[in-house]
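The compositional bias 'Polar residues' annotation in Swiss-Prot covers 37-52, 86-108, 154-163. If you look up Swiss-Prot, you'll see 71-85, 134-149 marked as compositional bias 'Low complexity'. What Swiss-Prot lists as compositional bias 'Basic and acidic residues' is 109-133. Taken from Swiss-Prot, the feature region 'Disordered' applies to 35-164. For 171-190, the entry in Swiss-Prot reads repeat 'Cell wall-binding 1'. The repeat 'Cell wall-binding 2' annotation in Swiss-Prot covers 192-211. Annotation source Swiss-Prot lists repeat 'Cell wall-binding 3' at 1095-1115. Sequence annotations record features per position, and here Swiss-Prot assigns repeat 'Cell wall-binding 4' to 1116-1136. The repeat 'Cell wall-binding 5' annotation in Swiss-Prot covers 1137-1156. The repeat 'Cell wall-binding 6' feature in Swiss-Prot is assigned to 1180-1201. What Swiss-Prot lists as repeat 'Cell wall-binding 7' is 1202-1221. Sequence annotations record features per position, and here Swiss-Prot assigns repeat 'Cell wall-binding 8' to 1223-1244. Per Swiss-Prot, repeat 'Cell wall-binding 9' is recorded for 1246-1266. For 1331-1350, the entry in Swiss-Prot reads repeat 'Cell wall-binding 12'. Under the heading repeat 'Cell wall-binding 13', Swiss-Prot lists 1352-1372. Residues or ranges marked as repeat 'Cell wall-binding 14' in Swiss-Prot: 1374-1394.
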Amino acid sequence: METKRRYKMYKVKKHWVTIAVASGLITLGTTTLGSSVSAETEQQTSDKVVTQKSEDDKAASESSQTDAPKTKQAQTEQTQAQSQANVADTSTSITKETPSQNITTQANSDDKTVTNTKSEEAQTSEERTKQAEEAQATASSQALTQAKAELTKQRQTAAQENKNPVDLAAIPNVKQIDGKYYYIGSDGQPKKNFALTVNNKVLYFDKNTGALTDTSQYQFKQGLTKLNNDYTPHNQIVNFENTSLETIDNYVTADSWYRPKDILKNGKTWTASSESDLRPLLMSWWPDKQTQIAYLNYMNQQGLGTGENYTADSSQESLNLAAQTVQVKIETKISQTQQTQWLRDIINSFVKTQPNWNSQTESDTSAGEKDHLQGGALLYSNSDKTAYANSDYRLLNRTPTSQTGKPKYFEDNSSGGYDFLLANDIDNSNPVVQAEQLNWLHYLMNYGSIVANDPEANFDGVRVDAVDNVNADLLQIASDYLKAHYGVDKSEKNAINHLSILEAWSDNDPQYNKDTKGAQLPIDNKLRLSLLYALTRPLEKDASNKNEIRSGLEPVITNSLNNRSAEGKNSERMANYIFIRAHDSEVQTVIAKIIKAQINPKTDGLTFTLDELKQAFKIYNEDMRQAKKKYTQSNIPTAYALMLSNKDSITRLYYGDMYSDDGQYMATKSPYYDAIDTLLKARIKYAAGGQDMKITYVEGDKSHMDWDYTGVLTSVRYGTGANEATDQGSEATKTQGMAVITSNNPSLKLNQNDKVIVNMGTAHKNQEYRPLLLTTKDGLTSYTSDAAAKSLYRKTNDKGELVFDASDIQGYLNPQVSGYLAVWVPVGASDNQDVRVAASNKANATGQVYESSSALDSQLIYEGFSNFQDFVTKDSDYTNKKIAQNVQLFKSWGVTSFEMAPQYVSSEDGSFLDSIIQNGYAFEDRYDLAMSKNNKYGSQQDMINAVKALHKSGIQVIADWVPDQIYNLPGKEVVTATRVNDYGEYRKDSEIKNTLYAANTKSNGKDYQAKYGGAFLSELAAKYPSIFNRTQISNGKKIDPSEKITAWKAKYFNGTNILGRGVGYVLKDNASDKYFELKGNQTYLPKQMTNKEASTGFVNDGNGMTFYSTSGYQAKNSFVQDAKGNWYYFDNNGHMVYGLQHLNGEVQYFLSNGVQLRESFLENADGSKNYFGHLGNRYSNGYYSFDNDSKWRYFDASGVMAVGLKTINGNTQYFDQDGYQVKGAWITGSDGKKRYFDDGSGNMAVNRFANDKNGDWYYLNSDGIALVGVQTINGKTYYFGQDGKQIKGKIITDNGKLKYFLANSGELARNIFATDSQNNWYYFGSDGVAVTGSQTIAGKKLYFASDGKQVKGSFVTYNGKVHYYHADSGELQVNRFEADKDGNWYYLDSNGEALTGSQRINGQRVFFTREGKQVKGDVAYDERGLLRYYDKNSGNMVYNKVVTLANGRRIGIDRWGIARYY
């Protein structure tokens, strides 16, 4: 058995005395659990006080386990959490004697002279060694003298301070494994980087292994190493001229090269440098030890190193010597190759490997829950360090919702958008920038005139890109320009001739556009979403994401800018445009999902290789051709049938719905092409007049339906001259109008009595109609002429109604339709019938540029491109060539406005989808429309030809105006930046905060921006002064044409996306927290670079621990990281701090060895927990994300982590034992009640339904508790079991009454049939209770037993009469014979009652007993008392015959059928 002993260490001044005592306790102070100590008795220890030799002292000073002394500074900064006793009790297992002195004394110089520690490779000089030994001996002598005198006092002090020792065995979660102690978490694994407070002592469990670690020992070697050597005078910078050091705005960067005073020619001879002799700064200097180690190991890989692997434990002097070896090899190779490009490549590659110089220190979220499309954004801020980039503006998120900075519209309760979308984010609140945006818009609209001297090549209208990501002032500026330049507010014709649209997703945008009398049309995004969810989403049973499931059809009528219900259709209308898919909507999101799910799970799906894209489209295109789709959208033709037939909206047709999104332009038709082509051409001929939409809820045959939704939507257009169904119209009305009939239920089955009545209007009574589209099991069939559908003609009745039943309408599932679609049109229209209406020459009285009208309805926009068209393989495949060749096709579809792809030459930086596929949205020079080279769509001339061809066919052309961002500018500027999310909010724990950062913000002054930037402002100011005189809303300023932007600079931007340069690419000395810059007499560089004396390392100056950087500067008011990755803070006196600290407005914690807790929990004595984040700041007053933003915790004002049920900001939430907020989950509380916490907010669900992972539904009341029993909610009745689960599709007994709750909604079933598990049928009446007895339902007479079961194939006696109900239908049988199971026959009369007595049926005289049984082969007395006999087979009365009865008696029957016994 191992012997347990306790080791006490007594502190005498600055020296420690170790004593062994048998013990089972530990108080953590300043010794390690594995300390090298002797297991002698206390008495022996006290008698053996010796002084270590100076050589041992030196070794101790260089040990990584150097004792951390208690300094005056540390004591004043202590808190309860880190107070230390001077006596340390250690519990450990001793298995062998360890050679050691019983008392170890360490000398520290009282003056501020420090000793430079030398590596074994370079021994200190004899003189320095002697001095050090003398100093150590003196200190040791003093300690020895004091030790005996103070030992007794120290023991007494230790006993007092050790009243609360730590018993590791008593801590429930602390377990000893292989001689080490670990804290075992709830998951059964050791917790790592975890601190625990026990009896006022802090136990720390290692961040790598989780083992309990002694925090009394420093993690670094003490001592200074001189940085100056024989190379230093030669490697110093030759002078401070700009040509001698590569900088950005005078700041030095990680890949900077400089001109040294001398070069080591051929690796042998120091030779004065020339102006061309530049060398990488990283050849002779490194910002810290860890970077130098990485450099040396990297150079080993390049064949330029020593071959030795260097680690954090390598001495500084050994690293310096190795760097000299590398320099020799570099210079040798330069002499051999006579060039340095190879070295630049190596250095550039090395820089990218270092965390401080790459995205590892940029809080990149690309792989998790992204807070920006490119993984992160940087906001520029004003600073004296970068005054040239300062701005008075950068007013963020001034969207239409919040143009003044405060929300004005609340249809959409969000902020309505955010500023940081992509790349260099333009500051559109800056008046100079606003003027430049106007200049560019004018250039774009007049491109043909300006560049080609050809007005026919000008654009007519504009699509404003990303409205919710730019300053809303731009919308007003653009509207002002369109009004001034084209007079779009002067007449409807002008407006339509220059049709412009907004990519505006927020529901607040249309109202803003109306209030500001905008010259562009908004999206009806409400209707778009309604169509998406009602038609294209999967059924709930097929959906992997239960938030993305198919809804009913009702929102298609009412959830729109223009309500089309009977009650809402005459309300105020708003002009708009509508689409179901677009180049960047419902396409790239699907492709991203496929890539992430099936090809490359490490990508976000928005950055990919072209090969990955090709693989994704193979899956995408195959899925589109499946009936049951996994990724792509269902019912695309149905969406077009509704959009194209709608009144009060312009449809935008999307290229990708007609052709495959990938492949060469127009090469491959989509599976929807024929149906949409038919609808487009039919719209020209038929879509006119008033409109009515409604939903008919058929009863349906639910026993054969997977989904019990029975709504069938009908949309009718009456034709010109008929605005209502009752209008007579004119002769022209007869051949106009159309009906769309649709269901979104692929399992829909009408019952035999269901009817769908479509009122085509009085103008169309007794008129023949034909199908335009019909759904079959294989897809949609198009009928493009009357003759093609002649056999299917159907006539309206005298009310003008078309009537459809189960033989016409049912659900289908095929690649084109998931549900049902039919379109009907009147017979007799001429081939050239065109119901479209010309625009008026009058202005709208309201002052609105666009108002809903027949002329506006007559327009059709074609978004004629896809993001994902392949790059051409031959010139003839260019998009713009194909457009010019196919204008007649577009015209036949009714296209009036062709929206072209953005024609800008694309950036090829590959940083985001747009620049990978080069779709034109990622540009570096926005004035370059295929001018410097071909864009993806063709040459400049191809574009001009396409525009002119469209114009020649009467089709206007819409250009894409993208005022939000500019990609990949060639010039860099150093800016002051902070890592933010897309709203410009600081990302907690990001290292980049008011940090100097090199961004790509400058254009080169030689591009088209230089030629055309600001070039037209003077002309525009003279022509349209009103634009320049308007005060803009967001900034209160007029646009400023005085400054022409011929070159972009940081001052014109809000910021950029993270660029992968890291927090430290712009170099600074972390110790002094000052950036290196070349600035004349204010130049600040590493000391050794100017041949000044410099040393580096940690050293105690007698008052505390200090640090000197690898640039030779002392750390003050700064954080420092050692080579092992530990962080420390040095105060304004340059001393290391300990314990709980308040620094820069944040609370932080430092262990007793100075190591800062980072990404670490500290569990307090009361069990509460604090967390110190990535920067060591204690989390408080908010929610914080963990695990790549996938989980959340909450910390209160004191930094305590929430656990259990908590009320935060008025919301009840639940946090598990690890502090993670529970979302989308059920929790059973200590009261046994179930509660659900929302999957989005995490708030406890109240007054709403929620479902569990098994698909069971519950209803949570106002207390968040699941209801049980029968409940009436929002006027509907439901039933919940005692476990809270909603009963669906089941029959239950409630207070003795049978009730049925629908399988889909769970509502109490009324007026409906339902079956139980035994296939017994029930009918539930208007009160929801199962009926009993005789019932007439839907005109059918049925019978239900007392238990509610429908009687089928049985006889029932009630009201004294026998009745029989059909075995299949259950209907009461009338006027027919039926037999019972014993073979007895009955005849049911016209009332369904069994006849009795003598009866004449079908010419036969028969007889039935009082029970209704027919008499056969026997006698009976009739109502006159006469005996009669009835044939045993037919039952007919017998005449003139002698018969022997079954009982053996004989009877004779006369000619009148009267029988007598013999």
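The chain as shown is numbered from 1 upward.
Glycine is treated like the rest: Cβ placed from N, Cα and C.
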### Query
Which stretch, 171-190, 192-211, 1180-1201, 1202-1221, 1374-1394, tops the Cβ pairs under 8 Å count with the repeat 'Cell wall-binding 5' (1137-1156)?
192-211
#### Entry: Spatial neighbours of the repeat 'Cell wall-binding 6' (1180-1201) far in sequence, C-beta under 8 Å, 6+ residues away
365, 367-369, 371, 988, 1147, 1161, 1168-1171, 1173, 1208, 1213, 1215, 1219-1221, 1223, 1242
## Note on the structure
Outside the repeat 'Cell wall-binding 1' (171-190), at least 6 residues beyond either end, the same-chain residues with a Cβ under 8 Å of its Cβ set are 33, 93, 196, 198, 203, 205, 209-212, 1217-1218
### Whole-number mean of pLDDT values that fall within the repeat 'Cell wall-binding 6' (1180-1201)
93
### Summary
The correct DSSP tally for the repeat 'Cell wall-binding 12' (1331-1350) reads 0 helix, 11 strand, 9 coil
### Query
Helix, strand, coil residue numbers for the repeat 'Cell wall-binding 5' (1137-1156) per DSSP?
0 helix, 11 strand, 9 coil
### Task
Taking helix as H, G and I and strand as E and B in DSSP, count the residues of the repeat 'Cell wall-binding 6' (1180-1201) in helix, strand and coil.
0 helix, 11 strand, 11 coil
